[in-house]
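Participant: Sharing a structure below in structure tokens format, with a few things to ask.
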């Protein structure tokens, strides 16, 4: 039985035995192959290790690819900065050609070097870099430093010209070029209508920065300057909105036809994008102004708040497909008025110069990249398209200028003359904006992109080099109306006063104009906005606040430049220094030291401290504040003493004589008693002079007054004639110490008119009293009294 079973299942057993043998042989082959592969790899690694040199710590290594982009960009900016320095060292060169010409030439030089060495330039310009990093600083600088008053006075004409002018130029150039493209002989049949309209929108973006520099030097009238400035400020935003809308239409046309509904939706979007961007900017401007209200203890971050909120308004608007350019412009205009009131003077200086620096760097990079792009093989030259583009730019610019200003002149009090319109037409210079938009055209939608870029470069070179250089001689040839000289503080105050007066007259007459609108906005601003957004309580009167701003500005200029300003409240220019200088005797030096000790401002002892988040005030800022405080105190005392007539008595015009000191109040005994007991005890310094005020009879105290007015300078002027203190005491008292001019530091008495009839006829009512200033001097006052009493013409009747 067992044998039978073995015989029966023997074939299967044999098959199983064969399979087992095959598996064992296969596994042995795999093991051998794996071992051979591992042995081969090991041998190869050892061979490679033996062939390579041994690595160690190298003293010098070169990895240029790692730093190529920032390194070359830094060199570009440094080269342009050095070129600017050399450009402005020769004072005649800026008057002959604009600065943008220099930057383009530097870029062309760099491009020639790159092209000659067959080196690939770094990707400085693409869509994200331009719109997110290069464009915002340029727009922010233009909006922040915009002169708000003349801009809003001409806001109607500026909007009329900037918006409609950009639309007319874009549509006119695009339609005209589309007609040229229909001519088969020119070989432009593949350029459709949308592509021509898009090119017309980007080529109509003007950049009259060079023209504005020429206008500033030529001092053209204010309204002409503001029209060009307003066009430069708003034209970029309008052009970019139109550019993006036509890009969307081009993408849509690639897959489907454009209908009338799409065109109407695009027009509505144009309005929504512009107004939405402006509203976003206003909101962010108010927020930034409100936050700077609480930064008095951490002033180091004040510039950061200004820049971050401005940039955030741009990014937030772009996130919602609104106009970021108009948003950052509105934010800058809104925040400037309130931020300057809250931040410190050091922070304001930082904001001003850092903003200028960022704008200059961005424009430099764009112009240099324009010059780099000029030299190369990425151009398509079509004579017909380029020449007609240049011609249509000039033709449609002229049509839009003369047509729009003919209409606007019908509603203006001061219309633009034909000469002004010619200058506006000639100032249509294309620049960085047009080139950037042309360079960023998507190649998938524009197969003839190289031709568009070439035509844009030709238009830019023509307008910058030809029109930018010749606009100065044209202004002088046409004899365009010039602006007046720089207004003084007195003129500024009277202009503000006349604004209030005109607003009141318009309110009475029922007339409505920008004076009344501005006056209502100021009331709303003082009632609500300033209380919320500004930290300090400034004077309620706008005239007083304007005076304070102008005084602070003038004081800072006096400190920084060292030159006394020529405005209405400036100190008169001093006499020239005497050439011969004598050596002073020890007695003279001691007398000078005594006088200076009793008259000069004492240095206040302060405990020095350090705060990481606050900037140390500059010396010029302290000096400016000290000058402002002294000047305000002087003016306050002058206004207080300026009531020279007896109380309650009308002014007379006869028998006027002049005294050295003004009258007080003769009818108030209590006021005289308080004045007699008043003394300056606020000064904690022991060397400061004590000042007392006393009321006494004008006639009885005349000799004492004369004795106290004379400074004992005769002992310091041995061999000289006694010095007479006449009319000079009203401005600045000068003594010559051994041939050296010195200004006496003592209170400045003012001369006031007194009615002599009131003196002679009012003996029974009480004599006029004189508030005199008694200064305690260390030297003897007796020298020169008789001479002064006998020769002073101010104490005699006229």
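Going from the start of the chain as shown, residues are counted 1 onward.
Placed from the backbone N, Cα and C atoms, the Cβ positions cover glycine too.
These numbers come from a predicted model, not from an experiment.
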Participant: Is residue 178 annotated in Swiss-Prot on the same side of the membrane as residue 301?
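Facilitator: No - Swiss-Prot names a different topological domain for residue 178 than for residue 301.
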Participant: Examine the ranges 29-49, 155-175 and name the one recorded by Swiss-Prot as transmembrane segment.
Facilitator: 155-175
Participant: If you check Swiss-Prot, which of 342, 730 turns up marked as N-linked glycosylation site?
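Facilitator: Comparing 342, 730 with the record, Swiss-Prot tags 342 as N-linked glycosylation site.
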Participant: If I count Cβ-Cβ pairs under 8 A between the transmembrane segment (385-405) and each of 227-247, 271-291, 451-471, which range comes out on top?
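Facilitator: Stretch with maximum Cβ contacts: 451-471.
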Participant: Out of 95-115, 155-175, 271-291, which stretch has the largest tally of CB pairs under 8 angstroms to the transmembrane segment (305-325)?
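Facilitator: Checked against 95-115, 155-175, 271-291; highest Cβ contact count belongs to 271-291.
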Participant: How about the transmembrane segment (128-148) and the transmembrane segment (357-373): at least 3 CB pairs under 8 Å, pairs 6 or more apart in sequence, or not?
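Facilitator: Counting Cβ pairs under 8 Å, at least 3, so yes.
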Participant: Quick one: find which recorded stretch in 95-115, 227-247, 451-471 has the most Cβ pairs under 8 Å with the transmembrane segment (357-373).
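Facilitator: By the under-8 Å Cβ criterion, the transmembrane segment (357-373) pairs most with 95-115.
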Participant: Mind looking up the mean pLDDT for the topological domain 'Cytoplasmic' (29-69) in the predicted model?
Facilitator: 59
Participant: Please identify the stretch among 95-115, 155-175, 227-247 with the greatest number of Cβ pairs below 8 Å relative to the transmembrane segment (451-471).
Facilitator: 95-115
Participant: Could you give the residue numbers and ranges of same-chain residues that sit at least 6 residues beyond the topological domain 'Cytoplasmic' (374-384) on either side and whose C-beta is under 8 angstroms from one of its C-beta atoms?
Facilitator: 104, 107-108, 111-112, 114-115, 180, 183, 186-188, 448, 450-451, 453-455, 457
